[in-house]
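Heads up, the thing below is written out as structure tokens.
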Amino acid sequence: MIILKKKLAGVSEQSLSLFLTRARKAAGVRGQVQVLVTSSDELRGLNRRFRRKDKATDVLSFPAIVDGEAGDIAISSDIASEYAYELGHSLDEELRILILHGVLHLAGHDHERDKGEMEALESELRDKLKLPSSLIERTTKPAKKAAKRKKR
């Protein structure tokens, strides 16, 4: 299930829900996944509460503790919009990239601890699902460009 906190131009809950189903199957994730697309402020609050990091982030994943559910994913529409602009693709595509990234975390992958396994799998699934470059491959580039733009 996809929950958009606000209307986003060119983004359809139904289309993202269909993609979520494809991403879950591709990653081997069973059970329901809920995706909340919301503000950077809300992601910052979630990040502070659950990871003790007082900063906004693009995507967070929360594995489920209830049978029949895989977990929840929260995505910042603000950061996704910045990434999409910087990388020259649509917001819808960026949300799909972030959904795939979150689903891989729900499947138990962790790019902060593994030795490139998640990056390789994300790249493979990105190609299979016809998405632009993966989140892991490009994480620092958009953030640096956005920071430069804000300083001007």
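A Cβ is built for glycine as well, from the same backbone N, Cα and C atoms used for every other residue.
As recorded in Swiss-Prot:
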- His101, His105, His111: Zn(2+) binding site (BINDING)
- 141-152: compositional bias 'Basic residues' (COMPBIAS)
- 132-152: region 'Disordered' (REGION)
Per-residue Cβ crowding (10 Å cut-off), top of binding-site residues His101, His105, His111: His101
For His111 (Zn(2+) binding site), the three-state class that DSSP assigns: coil
Conformational class of His105 (Zn(2+) binding site) under the three-state DSSP mapping: helix
